[in-house]
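Notes for the one structure printed next.
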Amino acid sequence: MALLDSLNRRIKARVDDDDPEEYSDLSSSEQDGSDADSDELEGSEAASDGGSDDEELSDSSAPEDTAIDASLNQISFGALAKAQASLGLSSSSSNNRRKRKLSTDKEQGPSPLDDIRARIRATREEKSKSTASTTTSKDKKDLPHRSSKHAPTVQSSKHAVSRKRTVVDATAISGPKARDPRFDSVVLSHGTSNPQALGNAQAAAAKNYSFLNDYRDAELSSLKQQLAKAKNPAEKEQLKRTIRSMTDKIRTFERKQREKEVVARHRRRERDLIREGKKSTPYFLKKGDVKKEVLKQRYEEMGAKDRQKSIVRRRKKVAARERREMPDMRRTG
């Protein structure tokens with residue numbers, strides 16, 4: 001057979017000098033052997049349909065395989081290198097042919113897949129540009145940032161001033177506030193011949209509604225009578241609380257009235273001194289001086305026993321206040 005003849009042939013490769021004729025002979029012999037092998041395989045497939053032919057081929061293939069293995073063991077490394085080089089050349093030529101085919105396809109015209117790829121690429125570029133613009137705008141908005149909440153606010157000088165002007169702040173006005181015209185300064189000053197002598201609106205209202213003090217005193221006396229007649233302890237406690245609240249209000253009102261009288265008396269005295277030419281500038285009383293003057297006037301109006309009780313009570317009150325303000329170590333020591 002041709003395959004056995006080609007395999008049994010002894011080939012000796014020259015190391016120093018490569019002969020192209022031997023290389024061509026080797027490649028042709030290998031091609032012939034491969035063709036023969038393919039023909040033999042096709043014959044074996046065709047003969048596989050018959051049972052007797054298969055048995056004969058199987059019996060004859062066993063010694064042939066052993067002969068092929070023995071002949072392959074005797075092939076030199078130079079022949080194997082030349083065969084490998086020939087296979088590499090054939091693969092490179094096939095790659096070149098494939099590249100030429102692709103180039104010719106491109107020269108023929110653009111395919112629909114290329115159009116789709118181009119559209120996808122364009123949409124991606126547009127999306128990247130839009131995201132970049134949004135990030136830059138966000139960065140610009142975040143530029144005036146304070147280091148802490150106590151730091152002053154930073155604002156660009158290019159900020160345009162609004163043309164609108166807030167005349168009335170709607171947020172400050174929670175709702176329409178009720179106004180009583182009886183206590184309005186305009187109403188109280190209207191119809192009087194000398195508003196300056198009358199004083200402010202509060203003084204005028206106190207003068208016009210002074211009868212309320214009489215009503216308050218009458219109500220306090222009636223509550224004291226009810227407390228004397230009451231027998232229920234809960235009712236007594238409620239009446240005591242009401243009487244205490246009313247007496248505190250009356251005492252506060254009287255104290256404010258005394259302070260106003262002291263201030264008015266001092267202003268009249270200072271005005272008279274300036275009119276007489278004894279003083280050039282008036283002297284205004286401080287709040288502490290006004291309280292001292294009111295306390296002095298109150299002690300003068302009291303009796304001896306009441307004055308002594310009030311002084312003792314005031315001393316205890318001041319001592320308790322000083323004890324509360326004193327540190328714990330000094331308080332216990």
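Here the Cβ of each residue, glycine as well, is placed from N, Cα and C on the backbone.
Annotated features in Swiss-Prot:
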COILED    218-259  coiled coil
COMPBIAS  32-43  compositional bias 'Acidic residues'
COMPBIAS  84-95  compositional bias 'Low complexity'
COMPBIAS  102-129  compositional bias 'Basic and acidic residues'
COMPBIAS  319-333  compositional bias 'Basic and acidic residues'
REGION    1-70  region 'Disordered'
REGION    84-189  region 'Disordered'
REGION    303-333  region 'Disordered'
Against which stretches of its own chain does the coiled coil (218-259) lie, if we need a Cβ under 8 Å and a gap of at least six residues from its ends?
290-291, 294, 297-298
When secondary structure is assigned with DSSP, how many helix, strand and coil residues does the region 'Disordered' (303-333) contain?
27 helix, 0 strand, 4 coil
